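Record features, source TrEMBL:
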- 76-417: domain 'Amidohydrolase-related' (DOMAIN)
- His85, His87, His255, Asp329: Zn(2+) binding site (BINDING)
- His85, His87, His255, Asp329: Fe(3+) binding site (BINDING)
- Arg94, Tyr157, His190, Glu258, Ser334: 4-imidazolone-5-propanoate binding site (BINDING)
- Tyr157, Asn331, Gly333: N-formimidoyl-L-glutamate binding site (BINDING)
Amino acid sequence: MAQKMFISNANQVITMAGHSDTPAKKEKMSKISIMKHGSIWIEDGRIVEVGPDEELREKYRTQIEDAVQIDATGKIVTPGLIDPHTHLVHAGTRENEYAMRLKGKTYMEIMEAGGGIHATTRATQKASHEKLYEESKKRLDKFLLHGVTTLEAKSGYGLTLEHELKQLEVAKQLQKDHSVDIISTFMGAHAVPMNEKKNPEKFVTRVIEEMIPEVAERKLAVFNDVFCERGVFTPEQSKRILEAGKKHGLIPKIHADEIEPYAGAKLAAEVEAISADHLLKASDEGIKAMAEQGVVGVLLPGTAFFLMAEFAPARKIIDAGVAVALSTDQNPGSSPTISLPFIMNLGCLKMEMTPEEVLTATTINAAHAIGCADEAGSLESGKKADITIFDVPNYLTLSYQYGMNHVDTVIKSGKQVVVGGRLQ
Ligand code: NIG
Ligand code: FE
């Protein structure tokens, strides 16, 4: 017999309906489709119907008794949140660098001196599969407690074939064991290892000839990402790495124009990347090229906040016709947070996005940024029943009462995995 679930009488069900084929752009980012006093009927982990409470109660009246019933009175219901850019799998923390930055050292200075990504690479290389798994699982639990049901996770702290594979294997194991869905990205080109600084080309060749084919062969990643930044990988090297990935079926993503303008946005359009992420310093020309090509712009205001940098010009990017998604960029150096709701707060308060736009950016547009909009990101019949219930009376309160966790219940594929703000 089918497993049934009835979520009833929410103050607002935010469905995000109608954006599954193409991501929401411009004013469509404000079309979040609110159903007042809404209910959802679920069978076997999939959404069957979203509708007014009275109507669904009547239609399913003979089956409600057999269903798991969740009373959402006074609360709001949204699609499970989606985080399209994380460095989830890594070992250790870098609070020492945080203290250094507070005294005036810059992120890039710390990295050039062998800290930053290199520090986390040393810790990650040293960590066993089991230790890496434990540390990453703890973070994943916290993501779930903050309403996230799907996230993207990058490698890039291994920087050798062996350790890049270890990171991706940990992500694969977590995908099997944990209720949060993980979509993996290979990011061997996250930094040139310290001992290869004199000959970065040798490392680029290894990424292209050794790592990409092996990762693709083992089916350990869907995407291929590069840190295209002055002092890291040039646009020309990034292009070769992303094109090489494409030959092996890996879809390009790019860390673009984060610290300095560096033609990353333009390159994203050129290689037909699914998304370009960061974009703090993206050129107008690059933004236009992204809009024309349909590259999703993933903005990471937590990183600007934590690096005390200028925020990405979200309004300009949205007005140019780029579909915008938001993400935590969870990592130990530039954004050690797991709170996507806080990122929504920052989206509003620091990038002048509207409360409607930030909801779109963390659900359906985020799904498009990682290629899962056919399955997740909206509450529509046939989709996975990935649902977050927030204990707030309306969606405005989510971005108004900032820096708090309002999550009450999380449902993943029709199963209650968080109840009353606690893991089940
Ligand atoms: O997205 N910019 C490059 N990568 C990460 C930071 C990684 C780290 O500092 O460990 C980012 O900001
Ligand atoms: Fe990142």
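Each residue, glycine too, has its Cβ placed from N, Cα and C.
Automatic prediction, not curation, is the source of TrEMBL annotations.
Among the binding-site residues Arg94, His190, Asp329, Gly333, Ser334, the residues whose Cβ sits under 6 Å from any atom of ligand 2 are Asp329.
Ligand 1 lies within reach of Asp329 from the binding-site residues His85, Arg94, Tyr157, Asp329, judged by a C-beta closer than 6 angstroms to any of its atoms. When the binding-site residues His190, Asn331, Gly333, Ser334 are screened for a Cα within 10 A of the Cα of His255 (Zn(2+) binding site), the ones that qualify are His190.
Cβ neighbour count for His87 (Zn(2+) binding site) (all protein chains, 10 Å cutoff from its Cβ): 29.
The highest number of surrounding Cβ atoms within 10 Å, among the binding-site residues Glu258, Asp329, is found at Asp329.
Between the alpha carbons (Cα) of His85 (Zn(2+) binding site) and His190 (4-imidazolone-5-propanoate binding site) lies a span of roughly 14 Å. The Cβ of Gly333 (N-formimidoyl-L-glutamate binding site) has 24 neighbouring Cβ atoms from other residues within 10 Å, across all protein chains displayed.
The CA atom of Gly333 (N-formimidoyl-L-glutamate binding site) is located 13 Å away from the CA atom of His190 (4-imidazolone-5-propanoate binding site). Straight-line distance linking the Cα atoms of Asp329 (Zn(2+) binding site) and Glu258 (4-imidazolone-5-propanoate binding site), rounded to a whole number, equals 12 Å. Looking only at the binding-site residues Arg94, His190, His255, the densest Cβ neighbourhood within 10 Å occurs at His255. When the alpha carbons of Tyr157 (4-imidazolone-5-propanoate binding site) and His87 (Zn(2+) binding site) are compared, the span between them is 9 angstrom. For Ser334 (4-imidazolone-5-propanoate binding site), the same-chain residues that are 6 or more apart in sequence and have a Cβ closer than 8 Å to its Cβ are Tyr107, Thr303, Phe306, Leu307. In this structure, the binding-site residues under consideration are His85, Tyr157, Asn331, and the one with the smallest number of other Cβ atoms within 10 Å of its Cβ is Asn331. Classification of His255 (Zn(2+) binding site) by DSSP places it within a strand. Looking at the residues that bind 4-imidazolone-5-propanoate per the record, Arg94, Tyr157, His190, Glu258, Ser334, the two CA atoms farthest apart are separated by 20 Å.
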